[in-house]
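The structure under discussion appears below in the form of structure tokens.
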């Protein structure tokens, strides 16, 4: 693509403005502030002859460079560069065919421009930039190009439903379908907006999982929106993120339950300060419950639990329909109803295979101890276990257990 630059002379002779024509290819240019495009099939007008005694045309000492050059295709979304030499950039405009502009900033020294939002993949862009030299004479350059269309994309799925309400311990966990190598770029492509300024930070567990939480439990009533801008992020060589979306949710009331395994008691504290004591049973000496801070991952109702699924299982085998089951870890820890235990177990003995059991009736029912606790609970509620004889530490990636990492480690 060619464009004609016209340079405005300093003087006017006989009432006529003297113009000269100069050419530049898309991608870099020098010239004056005046610019005219030659239509298709039109020939450029001959340059007017300079009148004796008139001032020489002013040619800018500035030059503008744009990468990629005009006509480039399959351009990486991060490849756009705009710079100036012999002067400073004054304006840069980058837009797609619909006219939507890409925001960006000119550096303090005026020598470069950087987009503050990534370019989209599979999109045609137009760039126009100007720079002025020390005398204020302007040079211009243009470019047009098309970004690549990814051949391979990785999906990102999380544990949040639009407009849902979660407990104060909620951790947003994002799972990718492919290994992530450019972790910083991906983390920057996921941002959290809150209505009260709560700061949220991410932590990687391996190459495919990224969890987010604040420093302390969420404040009840916090409005949160997760912004995903991954579609144009190269998460690994040749692999791009597959989604741009927004996910709003709300933090509900506070409910934090603390299980004292040695005392066979669970203390439930609401955000109104109301406290309730519940008799429980936890893991036996052969299958002790994890110590640590856990979060309700899901409310699963009645779950079939079989001893055959437990590694290192000891004791009598079982195959039970377990009501009021809420998952706490991916390894299989639940807080659930128990209708089969003998009298005196709740509040007096630890007999489970690692779960926290509450008194229940076969088939469940909302009037039982387990039923009432189940109905009062939501995903994201906190369950803390202490004084269990289990020596191993609960790993922070076992369920939504990231609260077991300090903020400096997160």
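Every residue, even glycine, has its Cβ placed from backbone N, Cα and C.
Going by TrEMBL, these are the annotated features:
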type     : residues : note
SIGNAL   : 1-21     : signal peptide
DOMAIN   : 255-386  : domain 'L,D-TPase catalytic'
ACT_SITE : 336      : active site, proton donor/acceptor
ACT_SITE : 355      : active site, nucleophile
Between residue 336 (active site, proton donor/acceptor) and the residue listed as 'active site, nucleophile': CA-CA distance (Å): 7
Close in space, distant in sequence - the residue listed as 'active site, proton donor/acceptor', Cβ under 8 Å, 6 or more apart: 303, 322, 323, 324, 325, 326, 355, 356, 357, 358, 360, 370
Reduced DSSP assignment, residue 355 (active site, nucleophile): coil
Integer average pLDDT (0 to 100) for the domain 'L,D-TPase catalytic' (255-386): 93
DSSP-assigned states of the domain 'L,D-TPase catalytic' (255-386) in counts, ordered helix, strand, coil: 11 helix, 56 strand, 65 coil
